[in-house]
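Data block below; observations after.
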Amino acid sequence: MTDRSAAPINASLKAADPAIAGLIDQEQMRQETHLELIASENFTSKAVMEAQGSVLTNKYAEGLPHKRYYGGCEHVDAIEELAITRAKQLFGAAWANVQPHSGAQANFAVFLALLQPGDTILGMDLSHGGHLTHGSPVNVSGKWFNVVQYGVDKETQRLDMEAIRKLALEHKPKLIICGYSAYPRSIDFAAFRSIADEVGAYLLADMAHIAGLVAAGVHASPVPHCDVVTTTTHKTLRGPRGGLILCRDAEFARRFDKAVFPGSQGGPLEHVIAAKAVAFGEALQPDFKAYSRQVVANAQALAARLQERKIDVVSGGTDNHVVLLDLRSIGMTGKVADLLVSDVHITANKNTVPFDPESPFVTSGLRLGTAALTTRGFDEKAFHEVADVIADRLQNPEDDAIQARCLERVSDLCKRFPLYAPALEPALA
């Protein structure tokens, strides 16, 4: 028998590609030694990463379970069925498709199933907290459809449901989209359902940012009210990067299945679907509810402390994991603030605020999220410390001594709340 132990297929990453292994180690170190406040990011469990890094990456499986175009799918069929069952249980849905590669892919599949080019859609303006796929002119959704956009009230910086209703009555959209990427308040899905029924529109909820909160019962669920719900599987859900489509009515199921495959994708990523199944299973456990409650409590603590430090927060607070700072209150742009906090190992992102006078490349806002640091074990007291570091840095941008102290405080927080315990093995170990 030929000895294949030295074959390239058996080489470790360190041996096969030390350049990539080294860069992975650097990213691992960054995650461990920086404070992650990007609202769309989180840290998965080791189990999720183990599933995603498994031999399932080798398997092609076009089609749905037991309706594949390839042989040898009996095990990935069982895995995908388990992911579907868990997703339906987690969100109380009648049907689920776990194959979308991303939230954007999930949204595109919904458009393909329900709309024709030129149809009218009603979605939130990107600069008010919407998403690119909700009709932004730079996205395919804004190029293929007639887009009408709504925003928030200028005074309250919250959704004005009567204003949205008037737009719907005027333009008669075929699809109304709710669910956002930078809206810190709760969404009244029942009110959107009422508007959709009044104008005869389909209702899509994109709950990508709040899916984990919905699963835990911390935010109202869109599933009972919407014709279709899309989400990512990372963010507050704490799974792998991927997408998911849910609906409450089996009438739509076949249309959405066909819109995913063959309509907009080829073979599903079965290794990612396995990781989704693991994450759904984790989210079904009681401790995930406690985690999600802490995510919101931490966001509210962060927002309150920053307001005490005289930094304005859009809408005056938050009901979810997002805290959106309006930096006009301290005479600063989001672009500058992003660089300043990055210098002290805090990762966030510049973001437009409602009625922003700055361009999307500059912005007047800084978006923060609490999901990732809550995974590390941060509580309200720790987030008060985080808020003080942010405020000290932004309010003293030229003070080198304060910058050095901020770096020390960030380092101390990272040591007090390690990311993984025990730590992950370096790829170059």
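We count from 1, first residue shown onward.
Placement of Cβ uses the backbone N, Cα and C atoms for every residue, glycine included.
What Swiss-Prot says about this one:
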| type | residues | note |
| --- | --- | --- |
| BINDING | Leu126, Gly130, His131, Leu132, Ser359, Pro360, Phe361 | (6S)-5,6,7,8-tetrahydrofolate binding site |
| MOD_RES | Lys235 | N6-(pyridoxal phosphate)lysine |
| SITE | His234 | site 'Plays an important role in substrate specificity' |
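Sequence features, as recorded in Swiss-Prot, placed on the structure.
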residue: Leu126; record: (6S)-5,6,7,8-tetrahydrofolate binding site; DSSP class: helix
residue: His131; record: (6S)-5,6,7,8-tetrahydrofolate binding site; DSSP class: coil
residue: His234; record: site 'Plays an important role in substrate specificity'; DSSP class: coil
residue: Ser359; record: (6S)-5,6,7,8-tetrahydrofolate binding site; DSSP class: coil
- line: In all the protein chains shown, the tally of other Cβ atoms within 10 Å of the Cβ of Ser359 ((6S)-5,6,7,8-tetrahydrofolate binding site) is 11
Message: Between Leu126, Leu132, which of the binding-site residues has its C-beta surrounded by the fewest other C-beta atoms within 10 Å?
response: Leu132
Field: Cα distance (Å, whole number) from Lys235 (N6-(pyridoxal phosphate)lysine) to Leu132 ((6S)-5,6,7,8-tetrahydrofolate binding site)
entry: 17
Statement: Leu126 ((6S)-5,6,7,8-tetrahydrofolate binding site) to Lys235 (N6-(pyridoxal phosphate)lysine), Cα to Cα, whole Å, comes out at 19
- request: Could you tell me which of these binding-site residues, Gly130, Pro360, has the fewest other Cβ atoms within 10 Å of its Cβ?
  value: Pro360
- request: Check each residue in the chain of His234 (site 'Plays an important role in substrate specificity') that is at least six apart in sequence and keep those whose C-beta is under 8 Å from its C-beta; list them in sequence order.
  value: Ser40, Glu41, Asn42, Thr44, Pro240, Arg241, Gly242
Query: Do any residues at least six apart in sequence from Lys235 (N6-(pyridoxal phosphate)lysine), in the same chain, have a Cβ closer than 8 Å to its Cβ, and if so which, in order?
result: Ala39, Ser40, Glu41, Asn42, Ala208, His209, Ala211, Gly212, Ala371
Query: Looking at Cβ-Cβ distances, which residues of the chain lie under 8 angstroms from Phe361 ((6S)-5,6,7,8-tetrahydrofolate binding site) while being 6 or more apart from it?
result: Lys335
- prompt: For His131 ((6S)-5,6,7,8-tetrahydrofolate binding site), what is the tally of other C-beta atoms lying within 10 angstroms of its C-beta?
  reply: 23
